[in-house]
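Everything below concerns the one structure shown next.
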Amino acid sequence: MICKEKRGLETSLLSIFPQYSFLLSLLVVFVHSTHFSVEELQSVARLPFFESSFLEKWEFFFSEFLGQVAVPGFFFVSGYLFFRNLQSLSQWREKLGKRFFSYVLPYLFWNTGMTVLYLLFQKADFSVPGIFEGIFLYRYQPVFWYFFQLILLTYACPFFALGLFFLRKCFSPKVGNLLFGIFPLFFLGLVYFRLDIPYLNEDAAFYYSFGAYLALLGFGISGEGRGFPYENTEKKSAFSPLLLLLSALLCYGYTVLGKTIGLLLLTTVLYRISTAIFLLLLCQRGFFAFGKKYADHNFYLYAVHYLFLRLWFMLQKHFFPEAGEALLFCFYTLSPVYCLLLSQATAYLLKKYANPLWRLLNGGRGIRKI
């Protein structure tokens, strides 16, 4: 869906983050709706065109090629928002406090609820290690690996912010912001050389720090005194997204045809971040504007979709045990609609009859600015 394109200095990345986040949430639903394994989807790009079915190609495009950029996009946005306008230690502490309510509390609450649910249905072992892993290590809510990484990046890796303040103190604020680029380069190096940091995903740290870096440089913030002006010609407006798309396709091509492991990992990361920013710039140019009205439910949709999809697959197997490709195509394509409708209905009931619970489940989104 396309709305009238917005132009001028008032246009900024901040104004389109809501519909962008909603788009990413729908892509995450597609990732978990596929009828094929990861290996089967990845093989589609390597097989001759007619050796894979239409359904495989369809699910490959949304669940693999586009779907795998959703979480990198979330990390990018999170880093961008955290480091935007970060000027002092007091602001840093304030941001940490706000994210405790929007990250940590919902993470613990959802994980606790899912652990209890699994215990009630005797799908989990009633043991201290099992309960600990369920609550703190997202064992029964696997989609929350993203929030586990985000909490680590926000609280357990303070060297991002402290390093920024140190660089600003040693040099000037502008030079310090510029030198912050050593962080995303550092994590790219870890990805290339396959060097692991315990518990932390190095690619996630790259996406997060790269988003932070663009925020510090003022990328996309117009009308705030330090941003880059929004492109005001059709030629310029089309150039950046097309360049990013070309970069993403070239990088993805190497992930299919390349042989060197380090370069395979590096181009995978670069293809994902290029595609994520490409989608962001499409949203900035007016695509997917209707998603803004669902912004307050993005977190809830992300958190609950996996549970809804388990029910979705159970219904498919019960009523259509031998469904053909056409029916599977319909189930797959409609899965985001099903999850969205069910999340909207349950969110409405929660807000109406259990508003405090809704605020906790949704991390306060739509209530306070985070």
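Using the three backbone atoms N, Cα and C, a Cβ is placed for every residue, glycine included.
Marked as transmembrane segment by TrEMBL: 12-31 (among others).
Look at TrEMBL and you will find 24-125 tagged as domain 'PI-PLC Y-box'.
What TrEMBL records for 65-83 (among others) is transmembrane segment.
Per TrEMBL, transmembrane segment is recorded for 104-124 (among others).
Taken from TrEMBL, the feature transmembrane segment applies to 144-167 (among others). Residues 71, 74-75, 78-79, 82-83, 86, 89, 92, 96, 99, 103-104, 106-107, 110-111, 137-138, 175-177, 179-180, 183, 199-201, 204-205, 208-209, 212, 216, 303 of the same chain, all 6+ positions outside the transmembrane segment (144-167), place their C-beta atoms under 8 angstroms from a C-beta of that stretch.
Look at TrEMBL and you will find 174-193 (among others) tagged as transmembrane segment.
As annotated by TrEMBL, transmembrane segment applies to 205-225 (among others).
Summarising the annotation, TrEMBL assigns transmembrane segment to 237-255 (among others). For the transmembrane segment (237-255), the list of distant contacts is 5, 45, 65, 231, 263-264, 267-268, 270-271, 274-275, 277-278, 281-282, 285: same-chain residues at least six beyond its ends, Cβ to Cβ under 8 Å.
Within the chain, the transmembrane segment (261-282) has long-range Cβ neighbours (under 8 A, six or more residues past its boundaries) at 13, 16, 20, 23-24, 65-66, 68-70, 72-73, 76, 188, 191-194, 203, 206-207, 210, 240-241, 244-245, 247-249, 251-252, 254-255, 288. According to TrEMBL, the feature transmembrane segment maps to 261-282 (among others).
Residues or ranges marked as transmembrane segment by TrEMBL: 294-314 (among others).
Sequence annotations record features per position, and here TrEMBL assigns transmembrane segment to 326-350 (among others). If one looks beyond the transmembrane segment (326-350) by at least 6 residues along the same chain, the residues whose Cβ comes under 8 Å of a Cβ in the stretch are 26, 29-30, 33-35, 54-55, 58-59, 294, 297, 300-301, 304-305, 308-309, 312, 316, 320, 357-358, 361-362.
Outside the transmembrane segment (174-193) by six or more residues, the chain places 160, 163-168, 202-203, 205-206, 209-210, 212-213, 216-217, 262-263, 265-266, 269 with a CB less than 8 A from a CB of the stretch.
Shown for the domain 'PI-PLC Y-box' (24-125): DSSP residue counts in helix, strand and coil, namely 79 helix, 0 strand, 23 coil.
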